[in-house]
C-alpha cells in the first residue's frame with residue numbers, strides 16, 4: 001500500500017483516530033466498538049451494507065451525535081489535538097476543522113451559489129466584520145476579508161466547474177451540480193478533514209467520474225496552510241470506492257469487519273460474506289452468529 | 001376579438017363556438033345556491049339589542065341582493081370563459097360605475113358592486129388582452145414573480161422617492177391632522193413590520209408574540225417616566241435595551257425548539273407579558289394602564305406646548321413660528337419616520353454582512369448551518385434581540401404618542417397583524433412590508449365608514465391574496481453578492 005501511495009508515510013500520526021466507538025440508541029447498537037484511523041492526504045472509505053452504521057459513525061465524528069462510548073481524536077498538522085466527542089456540534093466544524101456533506105443534499109437552496117460558499121466562511125468573516133458592528137459601520141477590514149472570501153469561493157467554484165452558475169439560486173441547479181456545490185461549500189470552511197456522506201448517490205457514471213476527480217484533487221493538493229486534507233467517505237458505488245480510496249473500512253451490523261487497502265478488502269472473505277451473504281451461519285463472527293442464531297431457524301420453521 | 005384569440009391557440013384559449021347558456025346558468029345558479037346557504041346565517045340574520053334582551057332581526061333584502069350579485073358575477077365569469085369577454089367587460093364597468101355614482105341603500109351594496117364589477121372587468125380585460133381566460137397557478141406565480149423582481153429592482157428608485165414623499169408630506173397642503181395621524185400609524189406598523197421581518201423573514205423564526213417587545217418598550221418608557229421622571233430621549237435607548245434583554249430572556253430557553261413548537265412558545269410569551277401587565281397593578285396600573293405619559297420634547301431643547309415648563313423653551317418661540325398644535329404631530333411623524341428608516345437601513349446593510357447571511361442560511365437549513373460551524377443559538381439570539389430592540393423603540397414611541405397605554409393595546413391580534421404584514425408582503429421583502437402595511441392598515445382606515453364589514457372585507461382580502469400568491473405579494477430575493485455582476489440570471493437561466 002505504501003508503495004502505491006508514497007505520501008502516506010509522511011504523517012507518522014493519523015489525522016483522525018476512532019477508538020472503541022460505540023453508539024447506542026436505547027436497545028439498538030448502531031456502532032459496536034469500532035476503531036480505525038484516517039490519515040491526511042488519504043481517502044478513507046467507509047463501506048458496508050445498508051444499516052451497517054456508517055452514517056451514525058459519521059454523525060459521531062461530525063458532532064451531530066455524542067457517542068455512548070469511545071474516543072475520537074483529531075490531530076491537526078500544527079500539532080493541536082481535539083477530542084471530538086467532547087465538543088458541541090458546531091464547534092467541531094468551527095475549531096477542529098471537520099466539514100461534511102449530507103446524504104440528502106442540504107444546500108441553502110434559496111440563496112445563490114456564491115452566497116452558499118460565503119456562508120461557509122461565516123466564522124472568519126464574522127470576526128472580520130467585528131461581529132457585524134464594524135461591518136454595519138462600513139469599516140474597511142470587512143471589505144478586504146469579504147474579497148478574500150470571494151476569492152476562495154471562486155477557487156472552489158472553478159474546481160467544481162460551477163463558476164458560470166455562481167449567481168444562480170442553488171436550488172435551481174441540476175442534481176449533480178448540487179452535489180458538487182455541497183462539496184465546494186464544505187471545502188470553503190478550509191477543513192482538515194472532509195466527511196462525505198454518499199456523494200455519488202444518484203449520479204450518472206460520467207458525473208461520478210467527475211466526482212472522483214474532485215475528490216482525488218482534494219486529497220492531493222496542498223492547502224495554503226501547507227497541509228493535506230483527509231477525506232472520509234461513505235459510498236455505495238464500489239467503482240468509485242475501489243478507484244479512489246487509499247484505505248477502506250468495512251462495517252456490518254455496527255462492527256468493523258475489515259480494514260485495509262482496496263485490494264485487501266475486496267478479497268476479504270468477511271466482506272464478501274457481508275455483501276453476498278454466502279455461508280451465512282457457518283463463518284459469522286461468533287457474537288453475531290450467537291445474536292442471529294435464533295432468528296433464521298424460527299424463520300425456516302415458519303416457512 | 002375572437003379570431004385574434006383563436007390564433008393564440010393552446011389549451012387555455014377561448015372556444016369560438018357558441019355560448020352554452022344552459023350550463024352557464026346552471027353553474028351560476030349553483031354558485032348562487034352556495035351563496036344562499038352562506039348568506040342566510042351570516043348576512044340575513046342580525047342580533048339587535050332590545051330592552052327585553054337580545055333579539056334577532058331578519059334582513060331578507062340584503063340576502064337577495066347578495067345572491068343576485070353572486071349569480072350575476074358567476075354568470076359573467078362563465079361568459080368570459082366562453083368568448084363573451086367584451087360585452088361582460090362593458091357590463092361590469094357599467095355595474096361598477098353605477099355602484100360608484102348612484103345612491104345605494106347601503107354602503108355594503110356599493111362596495112360589492114364596485115369591487116365585484118371591478119374584479120370581473122379586470123378579468124374580462126385580461127381575457128381581451130391576452131386571449132386566454134384563465135392562467136394556471138404556475139403561470140400566475142411566474143408572472144407575479146416577474147413583477148416582484150421588477151419591483152425589487154425598481155426599489156432602488158422607488159425607495160428614495162417614497163422617502164422623499166414621506167419627508168415633504170407634512171409641508172404639502174394635503175397634510176391635515178388626520179393624514180398625519182394615519183401617516184404616523186402606518187409608519188409605526190411599517191417599523192414593526194420591518195423589525196419582525198428580521199426574525200421571520202430573514203432568520204425564519206415564526207414569532208407570534210412580537211407585540212410583547214412592543215409592550216416592553218412602551219411600558220419601559222411609561223414606567224421610567226412615571227417613577228423616575230426620565231425624559232423620552234433618555235428612555236428611548238433604555239426601552240430598546242430592555243426589550244432586547246427580554247428578547248434574549250425569551251430566546252435562551254426557546255431557541256432549541258423548532259417550527260411550530262417555537263411559534264407556540266412565542267405566542268405564550270406574548271400572553272405572559274400582557275397578563276403580567278394586567279395583574280401587577282401596583283406597579284403597572286393594571287387594566288387601567290398608565291396615563292399622563294410625557295410627550296417628547298424637541299431633543300430636550302424645546303417643548304411643544306404653548307406654555308412650556310420651567311427651564312424649557314417653547315418650540316414655536318424658539319423658531320419664531322405661530323403656535324400650532326400640529327407642530328408636535330409633525331415632529332412625532334418625523335420621529336417615527338426616522339426610527340423606521342433606521343430599521344430599514346439596518347436590515348438592508350445586515351443582509352450583506354455575515355450575520356445577515358447566516359440568518360438567511362438558518363432559514364434555509366439549520367442543520368447545514370451547524371455543519372459549517374455556525375453557532376446557531378447565538379445567531380438566533382442576535383436576531384431575536386435586535387428585532388426586540390426595534391420593537392422596543394417602536395413601543396416607546398407609541399407610548400409617547402398616545403400619552404396613555406394599557407395592556408389592551410398589546411393583545412395577540414396586534415402580533416397577528418404585524419405578522420400578517422410580513423407574510424403578506426413577502427417574507428424578507430422590505431418594500432413588501434410597506435405595500436402590505438398600506439393594504440392591511442391603510443385600507444381599513446380608508447374604509448372606516450363600512451364599520452362592521454371592514455374586518456370581514458379585510459379577512460376576505462387576506463384569503464384572496466394568500467390564494468393568489470402564497471409566498472406573499474413581493475416575495476423575490478436577490479442575491480446579496482454577485483460574482484458576474486450585472487443581471488442575475490433569473491428565469492432565463494432556469495430554462496437551461
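Including glycine, each Cβ sits where the backbone N, Cα and C put it.
According to TrEMBL, the transmembrane segment annotation covers B:21-43 (among others).
The annotation transmembrane segment is assigned in TrEMBL to B:63-80 (among others).
If you look up TrEMBL, you'll see B:87-105 (among others) marked as transmembrane segment.
According to TrEMBL, the transmembrane segment annotation covers B:111-133 (among others).
Counting only same-chain residues 6+ beyond the ends of the transmembrane segment (B:154-172), those with a CB under 8 A from a CB of the stretch are 179-180, 183, 187, 330, 333-334, 337, 341, 430-431, 434. TrEMBL lists B:154-172 (among others) with the feature transmembrane segment.
Positions annotated as transmembrane segment by TrEMBL: B:178-198 (among others). Residues 166, 169-170, 207, 210, 214, 326, 329-330, 332-333, 336-337, 339-340, 343-344, 347, 350, 359, 383, 386-387, 390-391, 393-394, 397-398, 401, 417-419, 421-422, 425, 427-430, 433-434, 436-438, 440-442, 445 of the same chain, all 6+ positions outside the transmembrane segment (B:178-198), place their C-beta atoms under 8 angstroms from a C-beta of that stretch.
Under the heading transmembrane segment, TrEMBL lists B:205-224 (among others). For the transmembrane segment (B:205-224), same-chain residues at least 6 beyond its ends with a Cβ under 8 Å from one of its own Cβ atoms are 192, 195-196, 199, 230, 232, 234-236, 238-240, 242-243, 246-247, 250, 255, 259-260, 262-264, 266-274, 277, 283-284, 290, 293, 380, 383-384, 387-389, 391-396, 398-400, 405, 407, 409-412, 414-416, 418-419.
As annotated by TrEMBL, transmembrane segment applies to B:261-281 (among others).
TrEMBL lists B:329-348 (among others) with the feature transmembrane segment.
Here the transmembrane segment (B:381-400) has Cβ contacts under 8 Å with residues 188, 191-192, 194-196, 198-199, 202-203, 205, 207, 210-211, 213-222, 232, 235-236, 239-248, 250-252, 255, 293-296, 332, 335-336, 339, 343, 346, 355, 359, 409 of the same chain, all six or more residues outside its ends. Residues or ranges marked as transmembrane segment by TrEMBL: B:381-400 (among others).
The list of residues near the transmembrane segment (B:412-441) in space but at least 6 beyond its ends in sequence, with Cβ under 8 angstroms from a Cβ of it, reads 148, 151-152, 155, 158-159, 162, 185-186, 189-190, 192-194, 196-197, 200-202, 204, 206-212, 214, 267, 270-271, 344, 347-348, 360, 458, 461-462, 465-466, 471-477. What TrEMBL lists as transmembrane segment is B:412-441 (among others).
Among the features that TrEMBL reports, transmembrane segment is placed at B:453-470 (among others).
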For the transmembrane segment (B:87-105), distant same-chain residues with Cβ under 8 A (at least six beyond the ends): 61, 72, 76, 79-80, 111-114, 116-118, 120-121, 124-125, 128
Criterion met for the transmembrane segment (B:111-133) and the transmembrane segment (B:261-281) (at least three Cβ pairs under 8 Å): no
Other parts of the chain folded back onto the transmembrane segment (B:329-348), taken as Cβ under 8 Å at six or more residues beyond its ends: 163, 166-167, 169-170, 175, 177, 180-181, 183-184, 187-188, 190-191, 194-195, 197-198, 202, 296, 298, 304, 315, 356, 386, 390, 393-394, 397, 400-401, 430
